[in-house]
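Participant: Please read through the structure below; I'll follow up with questions.
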Amino acid sequence: MGAVPALLSVLLGCALAAEPLLQRGMPNVCPVLELALVGHQEPCIQSFSRMVRMWKQGCTKRRWCVSYERRSGYYTVYKQVYRMEQQTVYKCCPGWAQRDKEPGCLHLLCTAGTCFNGGRCSEEGSQVCQCPAGFQGPRCQYGASSQILRRFVSYLCQQKEEEMYCGANSRVL
């Protein structure tokens, strides 16, 4: 095995051992097209010729004599060829992560802008954000003191101090 195939097999072996294979249909798993260097065996037909010793009749006065004839033969050899090919691989969708060899991407990533109202990213449990006093929800988007979580059309509402703000239009309810 050459240097390139050996390196590829080591890299692929390490990548496969690092995390379980994500597949289509698993939670929060997205298809991604990637370019990969893929090795193929291509057939290459070779020809050869050789001289074959033959006995022929009638060379001299109906006697047998030795002569030589050219014969052609063919055989197939395979050469290793590498090409860049697009392959579909499955990875966690943006904003999601896989942990502990789980079947799919079950953990929402917490990045800047994920938590509202002064919440901080949480690494514990299923809660994405740790909310300050007075706020609740997976992203601290709800005022905890309000009796009813209000929705205005399709806008998500947030309570700040004694006022409720909704969505992008910032209207007070």
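Just so it is clear, glycine is given a Cβ too, placed from its N, Cα and C backbone atoms.
In TrEMBL, annotation is done automatically, which means it is predicted and not curated.
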Participant: According to TrEMBL, the disulfide involving Cys131 connects it to which residue among Cys121, Cys140?
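Facilitator: The record-listed partner cysteine is Cys140.
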Participant: Give me the count of other Cβ atoms within 10 A of the Cβ belonging to Cys140 (disulfide bond).
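Facilitator: Result for Cys140 (disulfide bond): 24 neighbouring Cβ atoms inside 10 Å.
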Participant: What is the average pLDDT across the domain 'EGF-like' (106-141)?
Facilitator: 82
